[in-house]
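A.B. asks: Before I ask anything, here is the structure I am working with.
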Amino acid sequence: MRFLALTSLLCILLLCLSFFSAEGRRHPRNPAKPGKIRICCPRLPGPDLMPQKGHHMRICRPCKFKQKPQLWVVPGALPQV
């Protein structure tokens, strides 16, 4: 009986310790490196962005556009005013 009580207290203590030790930490998925930040450019480049012969063009990533959230209707719900 004592062994069961001691193991349950130990498990609770370890659980609390693991929770509070990781609470303030943040794990970024893609940490940004200061020298590796790329600007975004439009998907269809204009004539001013076209590279000329012998000139290097700045490497950029395509811009991401935020899509509007699609509205969904709950069947049988009354319209809200």
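Every residue, even glycine, has its Cβ placed from backbone N, Cα and C.
Sharing the record's features from Swiss-Prot:
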DISULFID  C40-C63  disulfide bond
DISULFID  C41-C60  disulfide bond
SIGNAL    1-24  signal peptide
A.B. asks: Compute the C-alpha separation of C41 (disulfide bond) from C63 (disulfide bond), stating it in Å without decimals.
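C.D. replies: That comes out at 6 Å between the alpha carbons.
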A.B. asks: Would you find the one among the disulfide-bonded residues C40, C41, C60, C63 whose Cβ has the most company, meaning other Cβ atoms within 10 Å?
C.D. replies: C41
A.B. asks: About how far apart, in whole Å, are the alpha carbons (Cα) of C40 (disulfide bond) and C60 (disulfide bond)?
C.D. replies: 5
A.B. asks: At a C-beta cut-off of under 8 Å, are there same-chain residues at least 6 beyond the signal peptide (1-24) that contact it? List them, or none.
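C.D. replies: None.
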